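Before any comments, here is the structure.
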Amino acid sequence: MDRFEWALTDEDLASAPAHTPEPVELADLQMLLAGAYAPLDGFMSRADCAAVEQHGRLPNDGVWPLITLLIPDVAVRPEAKAVVLTDPEGAPVGALHIAERWPARKPGHSYLSGAVRAYGDGGLPFHRYRLSAAEARHHLHAGQTEAPDRAGASRVLGFYADRPLHRPQLAQLLHTARQLSAQIVLLVPVAEPGPDGLEQHALLRCVLAAAERLPDPLVVAIPLHRREDQFADGALRARVAEAYGVTHLLSTAETIAGRGPRVLVPRALAYDTRDGQWRDANDVNPRFARLPLTPDEIAQLLDDGETLPEWHTPPGVARELAKARPPRRQRGLVLFFTGLSGSGKSTVAHGVAEVLREEGERSITMLDGDVVRRELSKGLGFGKEDRDLNIRRIGFVAAEVARHGGVAIACPIAPYAAARAVARAMARTAGADFILVHVATPLEVCEKRDRKGLYAKARAGLIRGMTGIDDPYEAPTDAELTIDTSQGSVEDAVDEVLDYLVNGSWISLPEA
Ligand SMILES: Nc1ncnc2c1ncn2[C@@H]1O[C@H](COP(=O)(O)OS(=O)(=O)O)[C@@H](OP(=O)(O)O)[C@H]1O
Ligand SMILES: Nc1ncnc2c1ncn2[C@@H]1O[C@H](COP(=O)(O)OP(=O)(O)O)[C@@H](O)[C@H]1O
């Protein structure tokens, strides 16, 4: 592994170009700064990258994913000695002393390697829980109450809390910590929403509520980002845990390889209704056993507005989860119609909005095509880039509406799947639901309707780039609902959408 030198002056940094890295790179930077990737002290060198790509590991070291920084050449000129790395708001987080630069496969881009240092005050949410590896080890050392074991080392039991802890996980942790006489460290990954989509602050609050039930645990927020590769993720988790002083890792991950803490696979527990204890599932008479709820069962209870049962979830955790995932009736919702011009998106969307307004339970924001193009996307055309930008803007506004519990109804053509996926992701990140309705009326019918005469003009060659004629429409494969307005009345189409919303508990309507 290459070790890097840091030899930059304040003037070097003051005149260095700035660049906002991708979220994974920014998370890696923060991990490097926290000493969480020790012994790695900077973005990987070219030789290290080659080793990882070929063998999945660094020379004389264990399994590693690539820890790289890719920059556009225009952002950082070849003669630059350093680059200041900023968070998405532009606040500096760290600086890189460029040791090496080599061209990437992506045209116009290069990789940079070298040592990193903290710089500026950006990128520090979860401040109180963001301990560096050294601070965590110091804290654990100071908090040692148990005598060191025979080998002279004290034990630290680590657990990655990327989901809220319920009673079974708490029981497993307590049991294992007692057996080992170990202190407990809860590592909460906060670089991105959890695997079930739980927003990071909500996750941390859930973990803190659960932590009250453990004996003096150390809760650490770490900016660890998942990769595509589960194997590399597992290895990285073990390595980071080790850097934070963990000697034993309670983990369900199948693939934690190589060196690092001892990985303990927890026993399956069941709740014994006779005495209210969680114990080894094999030791509970099946007649009196309740198994832990699955993530899907928990999600269903929350969607329906049920309180999570006390035998399974401490009330403090249940309260936090109910706030983070309110019942669908109160949760923000983006209802996104897509389809060809004239397919009926606008007519059906307005029909649905009208019923919801009459009902009066929810606040409705209509992002109508014409209004959006006038107010939000004025000046944009119908080339791919402009259409994508239009959908991105709609997705952003819709997600903000939904973040605060509102219902946003949008009805653009949105011909490109990737742009629709961006809108979906923005809604999810805002803690809202996203329902894609494909208004799949056949082109011939849309063309016959031709309310604005655009199809006729397109056929006559008077306008270009008309969706469905000489511009693409990528039919969704991920629509929650598909309707065809060539069959049936407007009312039928509106009812189809309303039925879907009622059946999924997003709304309730009085019986007709
Ligand atoms: N070239 C071309 N292709 C498609 N549509 C065109 C075009 N030029 C203008 N129009 C009119 O603009 C409306 C579509 O705008 P959108 O904002 O929904 O389009 S997109 O989602 O950004 O692709 C669309 O309105 P709707 O009929 O309500 O869909 C058209 O009337
Ligand atoms: N079942 C139906 N659902 C929706 N629209 C219908 C239906 N039957 C006929 N139409 C007509 O089709 C046209 C659809 O236009 P519009 O809603 O503006 O489409 P879009 O927003 O997709 O461009 C309207 O004139 C509407 O009255």
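Yeah, the Cβs are placed from backbone N, Cα and C, and that goes for glycine too.
Listed in TrEMBL:
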BINDING   Gly339, Leu340, Ser341, Gly342, Ser343, Gly344, Lys345, Ser346  ATP binding site
DOMAIN    16-106  domain 'ATP-sulfurylase PUA-like'
DOMAIN    149-251  domain 'Sulphate adenylyltransferase catalytic'
DOMAIN    331-484  domain 'APS kinase'
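Features per TrEMBL, on structure.
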residue	record	CB count, 10 Å
Gly339	ATP binding site	31
Leu340	ATP binding site	24
Ser341	ATP binding site	24
Gly342	ATP binding site	24
Ser343	ATP binding site	28
Gly344	ATP binding site	25
Lys345	ATP binding site	28
Ser346	ATP binding site	20
Specify all same-chain residues, apart from the site residues Gly339, Leu340, Ser341, Gly342, Ser343, Gly344, Lys345, Ser346, whose Cβ lies within 8 angstroms of the center of the Cβ atoms of the ATP site, ordered by sequence.
-> Cys411, Ile413, Val439, Thr441, Cys446, Thr485
Within the domain 'ATP-sulfurylase PUA-like' (16-106), residues counted as helix, strand or coil by DSSP | 21 helix, 25 strand, 45 coil
Expected list for ligand 1 (Cβ under 6 angstroms, binding-site residues Gly339, Leu340, Ser341, Ser343, Gly344, Ser346) reads Ser341, Ser346
Can you check what DSSP calls Ser343 (ATP binding site), collapsed to helix, strand or coil?
-> coil
Note the mean pLDDT of the domain 'ATP-sulfurylase PUA-like' (16-106), expressed as a whole number.
-> 94
